[in-house]
């Protein structure tokens, strides 16, 4: 989920008014219609009860063919058209309709008239004309869409040489935020949830996994069957197929990976996952999804991890660092409550998923590993937040929790540290208002129980909070000067306040002392030598390197230690910032290892070289005609924006990914 683009922002739109549930547990639904400008669909006109996918994977031509059946009920009178989100890479072959159980006649399945219209750069609208007899109050009907999809943004086909084992090809999907409209036509909005089933046919030797609560396999027919019995939004439907094997690591968990990765993954996780699940259940109530499995994917996976229900997708390179693996898996476990069970209703309020999941993650680590460990990880993340704040400026509207964006802007552009860390700070502030973290745990359990399997906006959370703590409502905490809830949500800049992290001083103190010594002029080698860096944790090491980055340029020197990926990427940034030429060749090796790409590559090592490297790629395209496709590997702290040239008459930007 870490795809960054500079969004076009509109800061004058009013806060959305949506149905909310009462504090006492009744539905209390209002009549105001939720708007999701990232979706072309008319999801507010229909109730999606269920959908089924019947798919065949063809690795030879990199295609998925099949059909989808949607079971719908019209909930608004007079509607004559069903509008679904789709994508230009998804080719519609036919659409028909069935109305089960019409009295005196067999089921009717006529072909329907449809058209596909442009919507945005990330999708199209599929407009399906419905016969009059279909639209009856409270009567279900089925729409069957036959289609083929190839290389849309949700579907990643990897040739064998791009996998970890380099023996067999692999395909996976990544739906967040609005990519799954290229996987199957859908109401591609987090406001809509439904159950689903799937049938997937594959060649011999291929194992298929999906984000589903139940699965079965017919070896004779090479058919996998899946069922998700709990309602989920479209973006949480995920599939991976390839040479995958598994080992059970707990009563409700197993690890999936390519054979060459599996042993390492199992040894790193061991029995920890069940322990983390138990801690989370003690804090937030029962884990509602049944299974919690993990599949490790090749370095081409475009983000670190994805919280697909029942089956977390995670990049295999995270195995190099036990601490980052621990944090990322616990974060995805936390999404089982915050993000998956209760989901943000629009992408403009992603903090409702990521901010709450980050808070829940840190409650879990505090219970499992102590307050000092959690404070160290939080200091490291908040340092990164303030670093990003310095780059963007205090008035950048992307730093709001309720970011309003104009039609056509990809919601993935809002995935930034503010979504996580500013959201975390707001949730921490709410916890502080309670005066007792255990009381806030009780509130979060009640919040999950109240809104489970539904989608919410910030007002739902805050109204429920004030109802749960009536004494806080009576004391008008929402309007406390300088810390108003409205200001938390809609003011630009850093968090209005941050939690007390002094308990981490035993771990962060040595880091800061060494950083001060290292940056002093001249450095004191004897004092530096007194620090035993081999005893430091990965988080201490990366915090130290990050803070050195903030003080660059420095006098040339070497930092010798056993480096995992998280440490290496920071050391290489120091190499770039300080023009330490002896280590520059390591940058290309690092990027190629952790971002395997099937294309000729031009390396871009710092912000100042952006324009020159674009010229270099242009020259390659001109003189080496086999460069039909190529890529830039960018190693920079700045955002790629309109100031970074790529000449449209020569080549087109297809996909931008941050690693």
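Just so you know, glycine gets a Cβ as well, placed from its N, Cα and C.
Annotation source TrEMBL lists active site, proton acceptor at 332. Taken from TrEMBL, the feature active site, proton donor applies to 420. Taken from TrEMBL, the feature Zn(2+) binding site covers 331, 335, 354. Positions annotated as domain 'Peptidase M1 leukotriene A4 hydrolase/aminopeptidase C-terminal' by TrEMBL: 506-621.
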Least buried by Cβ count (within 10 Å) of the recorded positions 332, 354: 332
Alpha-carbon distance [the residue listed as 'active site, proton donor'; residue 335 (Zn(2+) binding site)] in Å: 12
Cβ neighbours within the same chain of residue 331 (Zn(2+) binding site) - under 8 Å, at least six residues apart: 305, 307, 357, 358, 361
Residue 420 (active site, proton donor) versus residue 332 (active site, proton acceptor) - Cα distance in angstrom: 13
Mean of the pLDDT scores, which run from 0 to 100, over the domain 'Peptidase M1 leukotriene A4 hydrolase/aminopeptidase C-terminal' (506-621): 70
Cβ packing number for residue 335 (Zn(2+) binding site), 10 Å threshold: 24
Cα-to-Cα gap, residue 354 (Zn(2+) binding site) vs residue 420 (active site, proton donor), nearest whole Å: 5
Sequence-distant neighbours of the residue listed as 'active site, proton donor' in its chain (C-beta under 8 A, six or more apart): 351, 354, 355, 358, 381
